[in-house]
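Report on the following structure.
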Amino acid sequence: MKLTEQQRAALQELVGRGVLGQDQADAVRAALDSGPTRSRRGVLWEVLGYLGGVLVLSGALLLAGQTWAELPEPARVLILTAVAVLPAGVGVFIAGGPGRVRSSRGHRARVITVLFALTAVAGAAAVGTAVPEPVGEWPWAVTGLVLAVVGYLALPAAFTAFASCAFTAALVLAAASDCFSWSVPVTTGLLLGAGLLWTVLVLTGVVAQRTALACGLAIALTGAQWPASESWPWAYGSTFVLALLLLAAFLRSRDPVLLAAGVIGVVIAVPEAVWDWTGGALSAPLIVLLAGVVLLVAGGVGLGWRRRTAR
């Protein structure tokens, strides 16, 4: 940051009082004055990296919309493979080589992880295009998950963690479709298992990124609500049980993400249960009111608990 005149005068006063030497004061001024330039340059390169990734993805989508149907299948696979390899190569180049990827920090690390996540998406698309339709959906989901996990292991960060969670959900849904014909109990169990697996990995410290915790809980809540897609009456029951487990875990770990997910689960489950028990007699405004009451009660309980634990 740039020093103001008052700050410069205060710094010089410290020199006059003997607290700092003149050389030390000059070093402080130089460090603070040069800081913003480096920061702005870092932001510029980061923005350019994001724009490059967006343009690559946009170009692929435009190509798909205009000439994709006219291209032979080998050409499609080749293009998607190139789109997958290019971001990974650029990410390694930005890091300064494969050995320096994991030590990347700040703006550089964020750009690299975005490129690695893009690699997973494009790689999955390439496999999905190359594999015949009768084989099913699982090959592209496995490819995307493997590439995303490799990207996360190379440089643990929010983007690669999100991509790993997203492809986990994609693989679960592909397995439910290809192997179990969308069986509601199986799909529910797979989604719940996958979401809780990511949750446990984060809470035990195996995965350090908090993004994975939020994504894992979102997958688990989706699984708990999956029976509602087929109008099964026990959707609110599974959601409420999951919410209680998350709230119990919050009392143990004091993690606000667990609290938020638990409250969301209760807010979803309670109106659904009341609607089912009353045969739909409650109107939409009453259900909204009920959800608001649940939130207020949850907030009051949370504040009361915080006051008691603070004493």
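Backbone N, Cα and C define each Cβ position, glycine as well.
If you look up TrEMBL, you'll see 13-127 marked as domain 'DUF2157'.
The transmembrane segment annotation in TrEMBL covers 47-69 (among others).
Feature annotation from TrEMBL assigns transmembrane segment to 75-97 (among others).
If you look up TrEMBL, you'll see 109-132 (among others) marked as transmembrane segment.
Annotation comment: TrEMBL describes 160-176 (among others) as transmembrane segment.
According to TrEMBL, the feature transmembrane segment maps to 182-204 (among others). Listed as Cβ neighbours of the transmembrane segment (182-204) (distance under 8 Å, sequence separation of 6 or more from its ends, same chain) are residues 165, 168-169, 172-173, 175-176, 210, 212-213, 215-224, 226-227, 229-230, 232, 238, 242, 249, 253, 255.
The transmembrane segment annotation in TrEMBL covers 234-251 (among others).
Per TrEMBL, transmembrane segment is recorded for 258-275 (among others).
What TrEMBL lists as transmembrane segment is 281-305 (among others).
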Please indicate, using numbers and ranges, the residues of the same chain that are 6 or more beyond the transmembrane segment (160-176) and have a C-beta under 8 Å from a C-beta there. 113, 116-117, 120-121, 124, 136-138, 140-142, 144-145, 148-149, 151-152, 154, 182-183, 186-187, 190-191, 194, 198, 207, 209, 211-212, 215-216, 219, 222
